[in-house]
Ligand SMILES: C[S@@+](CC[C@H](N)C(=O)[O-])C[C@H]1O[C@@H](n2cnc3c(N)ncnc32)[C@H](O)[C@@H]1O
């Protein structure tokens with residue numbers, strides 16, 4: 001049996017969902033192969049691997065030598081690959097990586113008794129600069145007081161100071177540098193929970209002509225008034241310096257928490273929203289987005305996803321858009337659907353959605369603020385039926401109780417998921433209620449990361 005620090009030879013079989021690759025070590029004690037997870041490995045690599053962690057059923061290891069590389073390996077295009085921990089699969093050719101990600105989706109479905117038809121995966125229309133939502137952490141070095149702005153290194157709270165990120169718009173680098181050079185009010189140090197600036201978030205519109213900024217501060221709104229005049233000058237200077245900045249807000253987050261944003265926002269420069277336009281040759285929609293509202297990270301890929309949903313709804317049908325955000329999907333469908341019912345728990349998103357239905361001249365809609373599960377139960381009590389349900393939940397998916405309730409509202413469910421594991425768990429539960437997943441398609445919303453979005457059409461048997 002292998003031991004900690006052993007160096008073994010391993011052939012890699014496949015990529016795994018959380019950003020590693022899997023190989024099996026065969027020996028007398030484990031004839032069916034002991035699973036070893038290796039970072040930065042590729043299927044068909046032959047490697048010398050050092051065992052760094054040993055558990056009962058699997059081990060983790062790191063590459064000591066590549067004996068024979070996969071033919072799909074490439075040189076990572078970002079100088080901060082490894083340091084940043086963002087795009088874990090940058091060392092693989094894009095088309096090959098997408099094929100592997102699609103295999104991960106297929107493999108997740110193996111846990112289910114019934115296999116859907118796997119449709120051709122859809123590439124991200126952009127591979128560079130695709131990420132339009134940025135949430136940088138900020139800190140300050142102890143002695144030189146230099147500002148560090150970037151993402152946490154993998155499995156740590158140390159910040160990689162990111163001056164250039166090819167998967168984000170170049171404007172993000174310019175704004176972050178402006179903050180490094182001009183912010184003189186101190187930044188957060190997690191060790192002593194002191195210092196003002198904790199995070200710096202930005203949302204860019206599809207055409208990059210508008211940006212919405214949020215500075216997350218380690219103060220309460222009551223204490224903010226003492227420092228407000230100095231900060232106002234900074235925000236004004238920054239807003240005027242970058243013509244594409246349309247909105248700057250602060251977010252008050254004085255708690256010791258990993259959550260980047262609290263619910264407490266204040267607009268400090270410009271408007272307190274931006275407009276986003278999504279379009280293709282057949283459809284054009286405008287959306288108002290406020291700082292506290294969710295919107296898709298990769299807008300061009302979002303259009304592909306929304307079209308997949310549109311293809312699968314009936315003409316003039318009544319659609320329940322659950323976990324609907326600012327109405328992004330529902331409003332995209334409104335020329336085909338009969339009526340859109342939108343359910344969303346964020347007050348900010350619901351307020352934006354109401355504006356967005358009007359902005360797009362969509363008249364036949366109703367919005368419901370609150371927890372989706374509770375709203376499903378209310379619809380049930382009212383004996384409501386829908387032509388189709390669209391569910392686009394957060395990564396954790398749905399509870400059994402929510403699935404029970406929604407299963408009685410329609411014979412068709414279109415599940416937009418950003419997590420194959422919870423998607424398949426929920427599909428399995430729906431199977432026990434008489435539904436079957438018919439088709440599923442992967443969409444590469446987050447190129448070079450392990451994340452994969454999908455649209456699954458589920459129907460009552
Ligand atoms: C992945 S986003 C999708 C939003 C929208 N469909 C879109 O495409 O932009 C998930 C949304 O679900 C909302 N949400 C999270 N938990 C919820 C719950 N229990 N009930 C209702 N909405 C919820 C979030 O506020 C967020 O807007």
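Please read every residue number as a count from 1 along the shown chain.
Note: Cβ is positioned from N, Cα and C throughout, glycine not excepted.
Under the heading active site, TrEMBL lists 418. Other C-beta atoms found within 10 angstroms of the C-beta of residue 418 (active site) number 20, with every protein chain shown included.
Feature annotation from TrEMBL assigns active site, nucleophile to 418.
Residues or ranges marked as S-adenosyl-L-methionine binding site in TrEMBL: 296, 323, 344, 392. Note: residue 392 (S-adenosyl-L-methionine binding site) has non-local neighbours 321, 322, 323, 324, 325, 329, 416, 417, i.e. same-chain residues 6+ apart with C-beta under 8 A of its own C-beta.
Taken from TrEMBL, the feature domain 'TRAM' covers 1-65.
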Rounded to the nearest Å - Cα separation of residue 418 (active site) and residue 344 (S-adenosyl-L-methionine binding site): 17
Listed in sequence order, residues with CB under 8 A of residue 344 (S-adenosyl-L-methionine binding site) and six or more positions away: 323, 324, 325, 350, 353, 367, 368, 369, 372
Close in space, distant in sequence - residue 296 (S-adenosyl-L-methionine binding site), Cβ under 8 Å, 6 or more apart: 302, 305, 328, 445
Counts of helix, strand and coil residues, the domain 'TRAM' (1-65), according to DSSP: 0 helix, 42 strand, 23 coil
Cβ-centroid neighbours of S-adenosyl-L-methionine site 296, 323, 344, 392, 8 Å, sequence order: 294, 321, 322, 324, 325, 328, 329, 393, 416
Number of other Cβ atoms within 10 Å of the Cβ of residue 323 (S-adenosyl-L-methionine binding site) across all protein chains: 20
